[in-house]
Amino acid sequence: MCGIIGYSGPRPAAEVLLKGLERLEYRGYDSAGIAVVTDKAYIESVKKSGKLNVLKTCLERRTTPIVGSTGIGHTRWATHGEPSDRNAHPHMDTEQSLAIVHNGIIENSDVLKRELLASGKSFTSETDTEVVAHLLSDAFKKTQDLVQAFVEVTQRLEGAFAVVAIHKDQPNTIVAAKNNSPLLLGFGQGENFLASDIAAFAEYTQRVANIDQERIVALSGDSVYITDFAGHPVDYEVHTVSWHPASVDSSGWSSFMLKEIFEEPQAVENTLKGRTEDGTVILPECDHIRDDLLAIDRVVLVGCGTAAYAAMTASYSIEAWAGLPVSVELSHEFRYREPVLNSKTLAVFISQSGETMDSLMAVRYARQAGVKTISVCNVMDSSIPKESHAVIYTKAGPEVAVASTKSFVCQIVVLYLLALYLGQLRGFRSIFPRQKAVCELNRLPVKLKQVLEIYESVRQLAHWMSDSRSILFLGRHAGYPIALEAALKLKELAYIHAEGFAAGELKHGPIALIEPGQPVFVIVPSPVGSPILHAKVISNIREIKSRGARIIAIAAEGDSAVLPHADSVLRIPLTRYSFEPLLSIVPLQIFALELAADKGFDVDRPRNLAKSVTVE
């Protein structure tokens, strides 16, 4: 489910493939491998379970290097079969004539495997990928052409997949098939690339072409040819992207995640740039659906994990600033519960990668129901934006750490902009004047920088609490989803029990978890912006403090009411309470990172997690 790289050109393929796999490590993986058509026209493949360094060491210990200029590589995240050498990619046919790598899931692999076993084929792995290797091998024997073999085999495959293959009898050619799984082309001088992510070949070229769904691609060092699944030639468009390899370099930082947290002020500034003017919001991305937006009577926000919590956070402001009812849905549940949708519904889909399979399927479901769709994504020209009526890009820049930080903050900012934009269109007059909201929104980059000044205090707190086995997070209003996100970050990175609760729910059950010494982070709304909410949260703090909880408060500067009740206070700048979540999450992100680092865990690549979840 993770990373693919293919290369054909004059360079040593093994070196290019390994560099590409290094750039794809951030997506998460449990094994890695490469296959190269050698100068002697046979395929040599090496694959190992574990980190990429294990594969590198294996290659370095070889008495003879792998020599060849066309090859494929893969980082695997197990979906069929345990992480092991035999289940790692690439997979080969019985004759060792063909090698393939594959992302996605072949949903009818069990049926196909039974057919192949009945025909006398044997299998060396537990994967669905090996099924495709045998099918392609048989088809090639009939057609003697790898493209035609793919045309035949893709008719039999069900599910979402990107399959990339090389064959010893077509030594300078790579052929791939794409169906609902990320894959794009890179064009160099006398060399071409194929990858699931531009990061894999960014140091060689920024000229790319996105491959549409249900396409077969054949490439060599000097040519690219694309057909549909029926074998009919189709056109493609090459464009240049702005991507510098330094953007995926963590030099000078202990981790990509820490680097990305400190990039949040600039990321928010970039996301806001050109989108506000004189107290109004400008979203030209939505101008072509303006009339449709005027007709909507409700909004549905859809996402998974961190993106869902960004949606929850912003839902309060959309209702307050646009006067529209809002519901928040998990992408993987959305299309299975028969939601009531119509042409007056606006569905907004949030995904950092733009490739989250659950969200992509939800977009298609919504469009079939006649719903207007907007996507909020970070990766340009990814699948979800292509299938949405409109897209508003976050401009967070590349995010390498698996756990999202700056993308989360920028997603909320974009949803705030959308809330204000919808309010403008509808002429809705909220309690908080729109011009003031826009002004305060533009102050956020400076205030985020101020929050980062407490980094050392948060780091020390994490060190003191590194032996904690369970940590709770409480919040009210838009602070509640921030509590959920903070708990998720701690689970993702530090592998300890963490739960987020709405503070008002304490007395309805969760207070039973409170015992002497129990750490509880409480997100305290400012008394200036919301004195009623503030008083309620202080009451909640007193309630759990009386039962021995250790209280760590996230509170605005000048809020003295928390001091008698909190064991520690982490201060954030004063802002309108609608914007407090954007500031409150930052110390909580740092805390999760530093606590995990103190335990010796890899904060950039947590176990079992993938950056882009491209299977259902």
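Using the three backbone atoms N, Cα and C, a Cβ is placed for every residue, glycine included.
Features as listed in Swiss-Prot:
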ACT_SITE  Cys2  active site, nucleophile
ACT_SITE  Lys611  active site, for Fru-6P isomerization activity
DOMAIN    2-222  domain 'Glutamine amidotransferase type-2'
DOMAIN    289-428  domain 'SIS 1'
DOMAIN    461-606  domain 'SIS 2'
REGION    70-89  region 'Disordered'
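Within 10 Å of the C-beta of Cys2 (active site, nucleophile) we count 27 further C-beta atoms, all protein chains included. Listed in sequence order, Tyr26, Arg27, Gly28, Ser353, Glu399, Val402 are the same-chain residues at least 6 apart in sequence whose CB falls under 8 Å from the CB of Lys611 (active site, for Fru-6P isomerization activity).
The DSSP breakdown of the domain 'SIS 1' (289-428) into helical (H, G, I), extended (E, B) and coil residues amounts to 65 helix, 28 strand, 47 coil. Under the DSSP three-state reduction, the residue listed as 'active site, nucleophile' is assigned to coil, being neither helix nor strand. Looking at the domain 'Glutamine amidotransferase type-2' (2-222) alone, the prediction's average pLDDT is 94.
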